[in-house]
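Report on one structure; see the data block that follows.
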Amino acid sequence: MTNIRKSHPLIKIVNDAFIDLPAPSNISSWWNFGSLLGICLAVQILTGLFLAMHYTSDTATAFNSVTHICRDVNYGWLLRYLHANGASMFFICLYLHIGRGLYYGSYTYTETWNVGVILLFAVMATAFMGYVLPWGQMSSWGATVITNLLSAIPYMGTDLVGWIWGGFSVDKATLT
């Protein structure tokens, strides 16, 4: 008589994914960070979406909207802290994921490694845009500091900063 977990069509899917998973015997917790990255990204998207529903970017009301989120929105304080700390956890998991790849020699798979490098650059660009696009209290300062790092590039750095900003500097606390 055959085992039901290997013969039933629906249970077989669960069996193949969880019980008889073809994984090496020396797999460790270092291999969890890809999944943790996905969870952190989902948390960031969801909390950012809910925070954006209550945030206003006007210079006069930006701070008050953050106060409104923390005090008046149900679990708004939790959304704010999950979003802020989730970003840190995302990058910790990202760097540990890269470190695991370096430790185990995953860079020898050049196509896969190059896709990962491109994804890293895309994550960095997205993080920068996520920091600048809400156009909130510290965004102008953060964007100025980050983009002024480009001015360290010889010959063309100052032109790059001017090109990104459409001018050399921004004049308000928020970017509206």
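Even glycines carry a Cβ here, placed using N, Cα and C.
Annotated in Swiss-Prot:
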- 33-53: transmembrane segment (TRANSMEM)
- 77-98: transmembrane segment (TRANSMEM)
- HIS83: heme b b562 binding site (BINDING)
- HIS97: heme b b566 binding site (BINDING)
- 113-133: transmembrane segment (TRANSMEM)
Intrachain residues whose Cβ lies under 8 Å of the transmembrane segment (33-53), provided they are six or more past its termini: 69, 79-80, 82-83, 86-87, 89-90, 93-94, 96-97, 100, 130, 134
Three-state secondary structure, which DSSP defines for HIS83 (heme b b562 binding site): helix
Same-chain residues at least 6 apart in sequence whose Cβ lies under 8 Å from HIS97 (heme b b566 binding site): PHE33, GLY34, LEU37
Protein Cβ atoms within 10 Å of HIS83 (heme b b562 binding site), excluding its own: 19
